[in-house]
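Quick look at what Swiss-Prot lists:
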ACT_SITE  His364  active site, proton acceptor
BINDING   10-13, Lys24, Gln75, 80-81, 102-104, Gly140, Glu155, Asn170, Asn228, Arg334, Lys352, Tyr367, Asn378  UDP-N-acetyl-alpha-D-glucosamine binding site
BINDING   Asp104, Asn228  Mg(2+) binding site
BINDING   Ala381, Asn387, Tyr388, Ser406, Ala424, Arg441  acetyl-CoA binding site
REGION    1-230  region 'Pyrophosphorylase'
REGION    231-251  region 'Linker'
REGION    252-459  region 'N-acetyltransferase'
Amino acid sequence: MTTPTSILILAAGQGTRMRSSLPKVLQPLAGRPLLSHVLDTARSLDPHRLVVVYGHGGDRVREAFPEDDIRWVHQAEQRGTGHAVQVALPETDADDRVLILYGDVPLVRGETVRRLLAQLDEGGDLVILTAALKSPTGYGRILRDDSGRVQRIVEEKDASDSERRVNEVNTGIMAARASDFTRWLSKVTNDNAQGEFYLTDCVALANTEGRRVEAVVGHEAIELMGVNDKRQLAEQERAYQRREAERLMVQGVTVIDPARLDVRGEVEAGRDVSLDINVILQGSVKLGEGAKVGAGCVIIDSEIGPGAHILPHTVIEGAVIGAGASVGPFARIRPGTHTDSNAKIGNFVEVKNARVGEGSKINHLSYVGDSELGRDVNIGAGTITCNYDGANKHKTIIGDRAFIGSNTALVAPLTVGEGATIGAGTTLNKDAPPGELTVARAKAITIPGWKRPVKKPKE
């Protein structure tokens, strides 16, 4: 039987180097708070207990994560990582495996920490996660004896010159039994340069007891690095986006430039999808096989059908785009929109909460809102559905094969029948019968001899 795992996430730091009123763990990475990414990793391990230690910006942090699987522990005074773990341990059972994660280390992978827990199960009493860095400045150093065994961790402020030359660093992530952490932390003092209770002192205490201290070296240094300022936040953002681009490319997606793709949610993509530069995919996005997304497009919580073509600089939110449809360039598709197969929405068109039938076209310079269009409808340039009367929204229904002339205003609620034609320049405020031409247009008048006004001479 597997020993239950409790995961403690330390998220109480103030993050002064961020120079922000937003608590550090709420800073956005790929459109979500740093802490959200760590919680995803923690939940992938199916923990017995999930405990978050919070402090700075307490209520804001808790309100951002209302999920009921989190146990919140308040660290009123930030007295170091050892103290943070100490206040959280009462939420665990004595025999639990306890894994320590950090709210500002967002890219750690589930498989990496599984290696840590496996080492604990194989006989380690304390297992720490380390990284080898070319530039280890700012991190605690891992000190080993001549046989390679970990002896202790020294924080940079307390390290000698020779110790600072060590490039294997502590990530802070570690695992041990709850009862062992409780015993070791009861012996930790704050006799150090920062006057804090260091969690890392557990390494030396475990060695003093003759316990087995193991180190697992992370494969990818960036996933183990913390975020302390906006520069590091930007570095982590790029690392996350590289990871997402690689994941998509492995699945058969063509990413024109992996450095210019932003994924801010969950993306499912079929084979032979193509993503041009500066595309942003946000929320839950599904891209059907062979779909093409042009440069500068933003797609939010939407589904793009197989073979659909989204032309450059189009924004799509909360919509379903049918197979083979074409949208853009410079189109805006708002929530509630559903286009059927082979529909076409062209440049400078806005569509909101509308159904656009198979093969229908809204080619340019139009607004279609709260509407239902049948098959093979043609909407001329400059057509506006007048859906709002100042208090309520009203629906426009346009039947199959209807033709709406340019510069037409459709004052909802109304229905345009199948095969009807609406003459250009019409303001339509009543239903139009099927198969007939309906026109509402003032007669053109020519005024003989009319002259333009002459400007008065300047005084």
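For all residues, glycine too, the Cβ spot is worked out from N, Cα and C.
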Looking only at Gly80, Gly103, the binding-site residues on record, which one has the least crowded Cβ, with the fewest other Cβ atoms within 10 Å?
Gly80
Are there residues at least six beyond either end of the region 'Linker' (231-251) with Cβ under 8 Å to its Cβ atoms? List them, or say none.
18, 27, 29-30, 106-107, 222-223, 225, 258-259, 261-263, 267, 269, 271, 273, 275
Spatially speaking, which of the recorded positions Gly103, Glu155, His364, Tyr388 is closest to Asn228 (Mg(2+) binding site)? Use C-alpha to C-alpha, please.
Gly103
Give the distance between the Cα atoms of His364 (active site, proton acceptor) and Ala381 (acetyl-CoA binding site), rounded to the nearest whole Å.
5
Spatially speaking, which of the binding-site residues Leu10, Asp104, Arg334, Asn378 is closest to Asn387 (acetyl-CoA binding site)? Use C-alpha to C-alpha, please.
Arg334
Among Leu10, Ala381, the binding-site residues in question, whose Cβ has the most other Cβ atoms within 10 Å in this structure?
Leu10
Just to verify: the residue among Asp104, Glu155 with the fewest other Cβ atoms within 10 Å, which of the binding-site residues is it?
Glu155
Relative to the Cα of Asp104 (Mg(2+) binding site), which of the binding-site residues Gly13, Gly80, Arg334, Ala381 has the closest Cα?
Gly13
Structural state census, the region 'Linker' (231-251) (DSSP three-state):
20 helix, 0 strand, 1 coil
Sort the binding-site residues Ala381, Tyr388, Ser406, Arg441 by C-alpha distance from Glu155 (UDP-N-acetyl-alpha-D-glucosamine binding site) and give me just the closest.
Tyr388
Candidate binding-site residues Tyr388, Ser406, Ala424, Arg441, pick with smallest Cα gap to Asn378 (UDP-N-acetyl-alpha-D-glucosamine binding site):
Ser406
Given Arg441 (acetyl-CoA binding site) and Arg334 (UDP-N-acetyl-alpha-D-glucosamine binding site), what distance in Å do their CA atoms have, once rounded to a whole number?
31
Given the binding-site residues Ala381, Tyr388, Ser406, Ala424, which one's Cα is the least distant from that of Gly103 (UDP-N-acetyl-alpha-D-glucosamine binding site)?
Tyr388
Measure from the CA atom of Tyr388 (acetyl-CoA binding site) to the CA atom of Arg334 (UDP-N-acetyl-alpha-D-glucosamine binding site) and give the result in Å, rounded to a whole number.
16
